[in-house]
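Copied from TrEMBL, the annotated features are:
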type	residues	note
BINDING	A:TRP74, A:TYR81, A:ARG82, A:TYR83, A:ASP135, A:ARG161	substrate binding site
DOMAIN	A:113-214	domain 'Fe2OG dioxygenase'
BINDING	A:ASN120, A:PHE121, A:TYR122, A:ARG205, A:ILE206, A:ASN207, A:LEU208, A:THR209, A:LEU210, A:ARG211	2-oxoglutarate binding site
BINDING	A:HIS131, A:ASP133, A:HIS187	Fe cation binding site
Amino acid sequence: MKNGLNSGVSAKRPQPTLTLRGFELFKTLLDADEQNALVEELRNVIRAAPLFSPMTPYGKPMRVRMTSAGKYGWYSDRSGYRYEPRHPSGVPWPPIPNAVLQLWQTVTGIDRLPDCCLVNFYDADARMGMHQDKDEADFGWPVVSISLGDEGLFRIGNATRGGSTESLWLQSGDVMVMGGDARLTYHGVDKIRAGSSSLLPKGGRINLTLRVVD
DNA sequence: CAGTACCT
DNA sequence: GGCT
């Protein structure tokens, strides 16, 4: 078998619905039951490691509320962006739910499992400015992003700030893989479409981001 | 004064 | 580009 790829068992990897600037989108990869099951798992994660709004290095808290699961959690404060082995409360991050790890395997076909599942919760007014994912040790590993709940307008830019951008709406159950050239491409979330999904009783959007950290 | 996962 |  080719190094890093699955063989045997359920080795069939889905085909991306569409590829935009190297970002591979798997549209509605999760059906309604799978989405609901994932939300249930996330309730447990959030119970163990409550959502918080990290401070940015320049003194304003992020609008998105977040927590993590896995060996590391993404964290930010005045001294910068980094991964931490513990929630700000001092407890270790809870384990990454199995269904999430299986999804990573399905979509990447990579043997190595992610160290971090960042859980981002967007309320109707939350946005995420354009940024690169560059706090990891090895940019050779892909990043996987899972959308749940309300639709979000995702914007894709370039390897450096500025220049033209392209946007697409991400819907509940969509999965995106950012690998290769797209791994360091600037991206962000401009808008949440309130009321566009009934998955979360109180509305909002959850994005799970899976990363190999070290 | 460089950085910039924020804000307008 | 402010602001830190």
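Yeah, the Cβs are placed from backbone N, Cα and C, and that goes for glycine too.
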Local confidence of the domain 'Fe2OG dioxygenase' (A:113-214) - pLDDT mean: 96
Proximal residue to A:HIS187 (Fe cation binding site) among binding-site residues A:TYR81, A:ASN120, A:ASP135, A:ARG161, A:LEU210 (C-alpha distance): A:ARG161
A:ARG161 (substrate binding site): secondary structure state under DSSP, collapsed to three categories: coil
Least surrounded among the binding-site residues, given as A:TRP74, A:TYR83, A:TYR122, when other CB atoms within 10 Å are counted: A:TYR83
Neighbour count (Cβ, 10 Å) for A:ARG82 (substrate binding site): 13
A:LEU208 (2-oxoglutarate binding site), number of other Cβ atoms within 10 Å: 25
Alpha-carbon spacing, A:TYR122 (2-oxoglutarate binding site) to A:TRP74 (substrate binding site), which is rounded to whole Å: 16
